[in-house]
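Residues annotated as transmembrane segment in TrEMBL: 20-39, 76-97, 128-150, 185-209. According to TrEMBL, the domain 'Connexin N-terminal' annotation covers 42-75. According to TrEMBL, the feature domain 'Connexin cysteine-rich' maps to 141-208. Annotation comment: TrEMBL describes 252-275 as region 'Disordered'. The compositional bias 'Polar residues' feature in TrEMBL is assigned to 258-267.
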Amino acid sequence: MNWGVFEGLLSGVNKYSTAFGRIWLSLVFIFRLLVYVVAAERVWSDDHKDFDCNTRQPGCTNVCFDHFFPVSHIRLWALQLILVTCPSLLVIMHVAYREAKEQRHRAASGDNCRCIYPNPGKKRGGLWWTYLLSLIFKAGVDVVFLYIFYRFYRNYTLPRLVKCELPPCPNKVDCFISRPTEKTIFTLFMVVTTCVCVMLNLIEAAYLIGKRCRECLLASGGDSRRHSQDCALSHPEPVGTGGQVFHGVDYKPPTASIPPTDSSPSTLPEEENLL
């Protein structure tokens, strides 16, 4: 295995991921891949050889082993890790496609031309959909494998003793599994880390969708404000409406004086009489 190429792929995935994606990558690499390579593979290396039944009937042990262990844990985990990490590589390939397209555009139009992708690694347009679909695919793969493990091995545990009466066994025979406690511990560990990875994928997908909805709402609000300002500038309101003219704050309206008429007697003589 070329660890240099693997390190380059991991750095590329880490570069174009969010904080949740980096946590997911660390969890997959440290707690799933390394545990699988270093410990789990050795624990299951002798599962068929040490599966012992208390009979010498030819073929009975093989039939019972195939019945209780239809697919090895190791092979299921290997397939699961391959399918889970492939979508992240698709994101890197999409970014590489954008960068190559940008280089071809600059080579054809010159360096001073307008960029097709100002930031090829920014999750916009098709890359946003690729990243979101990769999260959904990874979560779906983990959920499917959790269901497969549950169907094959109830409660994700391995018993110490199983009873088998399948032909060509002469009767009900007892079969013993090697290292059942150790295998159960590793199985539960991988199940727990898989559940955490599923939660991280769903949280990251919800974060991306919420962030995109927020950006769309802010953009629509900004467009509506600009539209109202443009309408106000293009159609100014008149100063006075309905024949009314607005004045300043210090303006005092004139008071209308009513001239005295002959029918209304003057009050001046009465005041003089009172004096």
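For all residues, glycine too, the Cβ spot is worked out from N, Cα and C.
In TrEMBL, annotation is done automatically, which means it is predicted and not curated.
Sequence-distant contacts of the domain 'Connexin N-terminal' (42-75) (same chain, six or more residues past either end, CB-CB distance under 8 Å): 36, 148-149, 152, 162, 164, 166-170, 173-179, 182-183, 186-187.
In the domain 'Connexin N-terminal' (42-75), helix, strand and coil residues by DSSP number 14 helix, 2 strand, 18 coil. Remote same-chain partners of the transmembrane segment (20-39), defined as residues 6 or more beyond its termini with a Cβ less than 8 Å from a stretch Cβ, comprise 10, 13-14, 74, 77-78, 81, 84-85, 88, 186, 189-190, 193-194, 196-197, 200-201, 203-204, 207.
The residues of the domain 'Connexin cysteine-rich' (141-208), classed with DSSP into helix (H, G, I), strand (E, B) and coil, number 44 helix, 8 strand, 16 coil.
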